[in-house]
Structure formats: structure tokens, C-alpha cells
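A quick write-up on the structure given underneath.
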Amino acid sequence: MSSPLPPSSAGVSAAALGRGTTWLAALAGLAAVLAGFGLAELAAGLIAPGASPVLVVGALLIDLAPAWVKELVISLFGTGDKVALLVFIALVAAVLAALAGILEYRRPPFGRFVIVAAGLVALAAALTRAGASPFDAVPPVLAMVVAALVLTMLTNRLRAGRAPAAAASVTPAAAARAALDRRRFLAYTGVSAGVGVLAAIGGQLLTAGSRAADAARALFTLPPAAVPGAPVPAGASFEIDGLTPIITPNAEFYRIDTALSVPRIDPSAWTLKITGLVENEVEIDFAELLALPLEESTTTLACVSNYVGGDLIGNAVWLGYPIRELLARARPLAEADMVLSRSQDGWTASTPLEALTDDRNSILAVGMNGDPLPLEHGYPVRMVVPGLYGYVSATKWVTELVVTRFGQETAYWSTRGWSEKGPVKLSSRVDVPRENATVAAGTVTVAGVAWSQHVGISAVDVQVDGGNWNAATLADAISVDTWRQWRWDWPATGGSHTLRVRATDANGLVQTSKLADVAPDGATGLHEISVSVS
Ligand SMILES: Nc1nc2c(c(=O)[nH]1)N[C@H]1C(S)=C(S)[C@@H](COP(=O)(O)O)O[C@H]1N2
Ligand SMILES: [Mo]
């Protein structure tokens with residue numbers, strides 16, 4: 001900062017040489033860890049896709065997170081939760097790396113101990129993943145060994161370039177030698193970090209190249225529906241700017257799951273097993289599934305983490321085969337009351353057996369809005385169950401259905417404080433005007449959506465500033481399993497106003513104004529927005 005000469009200058013004082021050493025030691029730690037991480041990414045790309053230390057540690061953190069953390073992360077970052085987690089891991093790793101560098105410089109071998117400890121956590125994370133193989137140990141072990149070796153080498157370099165203790169004893173020749181060593185240290189550090197970054201990029205390219213699932217999906221064409229869905233009625237959709245489209249395009253469909261790296265399943269290797277309390281275990285592969293008479297249905301999927309007014313909900317036309325038919329082949333025993341569906345990555349959901357055997361459109365879906373399921377939405381096969389939140393029904397990348405009892409098995413989120421059953425709650429949302437919008441006085445169109453999957457919506461009312469409830473006009477329903485658009489023409493007068501919406505379901509149940517948090521079984525309350533009228 002105020003140093004008269006740059007540190008690499010031959011005439012630098014001992015004090016100036018000593019000052020920056022802590023930072024340089026931290027830098028050595030960062031470079032060493034970068035080299036280790038990078039080579040581990042490369043190794044993962046070559047032999048163990050999915051076992052990258054960053055991803056396995058991230059996955060472990062996701063699995064360890066209690067319900068309130070999930071809720072907090074989703075409320076802060078929404079569907080950007082995974083990017084937020086990766087940034088968090090990178091920051092923690094950087095802090096630990098810098099700490100390891102300083103410790104190794106001041107008190108060897110404690111810096112290496114930090115690295116070995118972190119490496120063992122990554123190793124444990126890699127080997128406890130669902131479907132882990134012994135090869136998955138290679139990337140974390142490599143990261144640990146490389147980081148420890150590079151750290152030792154760099155801190156030795158740094159010590160060689162250390163200034164003599166007393167300023168008085170620094171001869172120009174000694175100072176010049178120290179400065180040269182310091183430049184060498186910086187060069188080695190730069191090379192280590194550079195190798196790490198290049199190796200990480202190489203690893204990314206390799207995993208991208210080996211993505212058989214992407215290629216298979218790109219070549220795959222959906223078979224036609226044997227039972228086409230009822231067409232979406234023209235009257236199901238008001239043409240209003242800013243109103244949520246009645247069918248959510250795939251690219252805009254919310255995504256919520258615990259999968260830090262999207263499972264990539266080769267459909268030719270995919271099977272679904274039905275096991276547990278059944279008379280007859282069933283196993284079906286992808287070709288067999290596609291050869292069955294597939295049915296089309298429109299179902300609105302909602303996340304239990306959707307707060308009142310939130311956007312973790314979407315509506316799609318799904319193509320799939322009724323789960324009820326496959327369960328009929330398996331013949332569940334009389335005592336069974338639940339199906340635990342399991343995905344390829346080990347995630348589970350508990351669905352009441354009845355919701356899968358009654359006449360609703362509970363399907364094993366292969367198509368979404370005319371396309372094969374997108375990878376993030378469960379390719380090649382997922383479950384879609386009308387009327388239940390996703391966490392208890394909508395298993396993506398599904399590979400097993402275990403017929404069981406609620407008393408016997410507990411699903412992923414139920415072991416983390418969420419309810420074991422999750423029927424979707426009656427709710428409604430204002431889409432236009434937007435929160436805090438300014439509109440012109442006169443007739444203002446207020447519009448939004450309302451849903452009560454598998455029951456249906458019979459009325460929607462809008463209230464201005466706590467006054468009377470005004471009946472909104474409902475668009476045509478597609479079915480009881482989908483959301484419904486509504487609109488109301490508001491004679492708006494100048495000033496600030498609050499608009500609230502309230503839906504009534506087909507059973508006459510009126511949406512409650514009582515506030516409930518999203519945990520443990522879904523939010524309640526009325527969506528309210530502020531608008532100023534000029
Ligand atoms: N395998 C797997 N399936 C899963 C999940 C998951 O974490 N893993 N999350 C569920 C949750 S909580 C929801 S809300 C829906 C979301 O489905 P979408 O991402 O296709 O919108 O998927 C469900 N299926
Ligand atoms: Mo969810």
C-alpha cells in the first residue's frame with residue numbers, strides 16, 4: 001500500500017518482505033486446493049461422473065439440511081437454490097484453503113491436517129451417495145493428496161524466500177536472493193492454480209461429452225397418446241397481459257429437487273420395479289412402458305414450499321401410463337396403504353396407495369407438453385399425481401415403487417420435519433396488476449389463477465381495501481386437476497389500494513385467511529397486493 005518499493009524489487013526492506021507473507025501463505029493454500037479440486041474434477045470426468053468433490057459435498061449438505069434451512073434457502077433464492085449452495089461451498093472451501101495455507105506456513109503440518117480432514121469429509125460424502133461405486137473414492141482422495149503435496153511444496157518455497165529476521169542483517173545480496181525466491185514462489189503458485197483451473201475445465205468437458213442421456217433424449221420421439229387428453233377449452237384462457245399462461249412452457253416450469261447434478265439416466269438401462277407388499281413383483285423397462293397405451297392428461301403441479309402468492313406451481317400436459325394399471329399387475333396386499341417411490345439418486349416420496357389406485361390421472365409420465373420429459377423434470381420417467389404436493393408424489397427419475405405402510409417407511413422430507421401426507425391446499429394468486437404497480441384510474445383488470453387440485457374451483461372473489469367481496473369471472477376449467485384463471489374489472493379510484501383474492505372450492509370450502517407457514521404441510525392465507533392508482 002504505502003510501501004515505497006514493490007515487494008519483488010531487489011532493494012526491498014526486510015519489514016516489507018515480512019509483511020505480506022501471511023497473505024502469500026493464504027494464497028499458497030488457495031492455489032494448492034485449486035490444483036487438488038481441478039485434478040479431482042478431471043478424474044471425475046474420466047472415471048466417476050457425479051463423484052466430483054464439490055457435487056458430493058453439496059449433495060451431502062442438501063441431505064443434512066433440516067426443513068427450516070430448505071425453507072430459508074428457497075425463500076431467499078427460489079429456484080436459484082443450487083447456485084447459492086455452490087457459491088456457499090466455494091466460499092467455505094476458499095476460507096479453509098487460506099487457513100490451511102497460513103497454518104502450514106506457521107505450524108506445519110497443521111495445514112495439511114485441515115486438508116486431510118476436508119478430504120475425508122468429501123470421501124465420506126462420495127461413498128455414502130445412493131448407488132456409489134468404489135471408483136467414487138478416487139476424486140476426493142486425489143484432491144486431498146494433490147492439495148497436501150502442492151501446499152507443502154509452496155510453503156517450502158515461501159519459507160526459502162523469507163526475509164532474514166533482523167532488518168539490520170539484510171545485505172543487498174541476501175535481499176536480492178529473497179526477492180528471487182519470492183518471484184519463484186509466485187510463479188509456482190500461479191502454475192498450480194492454473195493447472196487446477198484447466199483440469200477442472202477439462203473435467204467439465206469430459207462429463208458433458210459422456211452424457212448418453214442427453215443424446216438419447218435428443219434422438220427420442222414420443223409415441224402418440226393412445227388416449228388423447230380433453231383439449232384445453234378455448235375459454236380456459238383470458239388474453240390478459242401479465243396473466244400466467246394456462247399451460248406453463250417447459251422452460252418456465254419451476255424446478256425443485258435435491259439433485260445438485262441432474263441425474264442422467266440412459267433410458268435403455270432404465271427399469272421400474274414394483275416391490276414390497278405385493279403378490280407379484282413387477283419390473284418394466286422403458287421400451288415396454290412406451291409400448292403401453294399412453295394417456296394424456298393436464299395436471300397442475302405445486303410445491304409445498306410455495307408461499308402464498310409464490311410461483312412454485314405450474315400446469316402441463318403430461319403423457320404417461322396410469323400407475324393404477326401397473327399396481328393392479330402387482331396386486332398390493334390388503335394391509336398396504338402407501339407407496340414409497342424412489343428415484344435413481346435415492347430420494348423418496350410417500351404417496352397414499354389410494355391416490356394411485358383410484359380413478360384420478362396418477363401416471364408414470366414420459367412426456368411434458370409434447371416433449372420428452374426435460375432432464376431436470378425427471379427424464380426418462382417421473383410420477384405425476386393430481387391433488388398432492390410434489391414432495392409426496394411427483395418423484396422424478398423414478399426407478400422403484402415400494403408398496404408399504406405409512407407406519408413402516410418414512411420418505412425423504414418426512415424425516416426432515418415435513419408432513420408424511422401432503423394434499424394440495426386451496427389457494428389463489430393475483431398476477432395482474434403486479435405488486436406495487438401504478439395504474440390509471442378507471443376500469444382496471446385484476447386477474448390471476450386459483451387452484452384446488454382434484455377438487456376444483458367454484459368461485460373467486462376480490463376485495464379492495466378490506467371492503468366487500470366482489471365475484472370474479474372464472475375462465476373455463478380444463479378439469480378439477482388444473483388451476484383456473486379468473487378476472488375482475490375493478491372501478492379504480494385514485495390513491496393507494498390493497499387488493500386481496502379468495503377462492504372457493506367445488507365443495508364450498510372458502511380459502512382461509514389464517515396464515516400458515518409452508519412447513520410442515522403447505523402455506524395458507526390470502527394473497528394481497530398493493531397498487532397505486534393515479
Ligand atoms: N427425484 C426427485 N424427485 C422429486 C424431488 C426431488 O428432490 N427428487 N422433489 C419433489 C418436489 S419437492 C417437487 S415440488 C416436484 C417438482 O417438480 P418439478 O421440478 O418438475 O417442477 O418434484 C418432486 N420430485
Ligand atoms: Mo416441492
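The backbone N, Cα and C atoms fix where each Cβ goes, and this holds for glycine too.
TrEMBL: automatically predicted annotations, no manual curation.
What TrEMBL records for 20-39, 46-68, 83-103, 110-131, 137-154, 185-206 is transmembrane segment. As annotated by TrEMBL, domain 'Oxidoreductase molybdopterin-binding' applies to 260-409.
In the predicted structure, the domain 'Oxidoreductase molybdopterin-binding' (260-409) carries a mean pLDDT of 96. Within its own chain, the transmembrane segment (46-68) has Cβ neighbours under 8 Å at 37, 40, 82, 85-86, 89-90, 93, 121-122, 124-126, 128-129, 132-133, 135-136, 138-140, 143, 203, 206-207, 210, 258-261, 264, 413, 416-418, 519-520, counting only residues six or more beyond its boundaries. Listed by sequence, the residues of this chain that lie at least six past the ends of the transmembrane segment (83-103) yet keep a Cβ under 8 A from its Cβ atoms are 22, 25-30, 32-34, 37, 54, 57-58, 61-62, 73, 76-77, 110-115, 118, 147, 151, 154-155, 260. Within the same chain, residues 28-29, 31-33, 35-37, 39-41, 43-44, 47-48, 51-53, 56, 97, 100-101, 104, 108-109, 111-112, 115-116, 118-120, 122-123, 125-127, 185, 188-189, 192 sit at least 6 positions outside the transmembrane segment (137-154) and bring their C-beta atoms closer than 8 Å to a C-beta of that stretch. Per-class residue totals from DSSP over the domain 'Oxidoreductase molybdopterin-binding' (260-409), listed helix then strand then coil: 28 helix, 60 strand, 62 coil. Sequence-distant contacts of the transmembrane segment (20-39) (same chain, at least 6 residues past either end, Cβ-Cβ under 8 Å): 7, 53-54, 93-94, 96-102, 104-106, 111, 115, 142-148, 150-151, 154-155, 157-158, 162, 182, 185-186, 189-190, 192-193, 195-200, 203.
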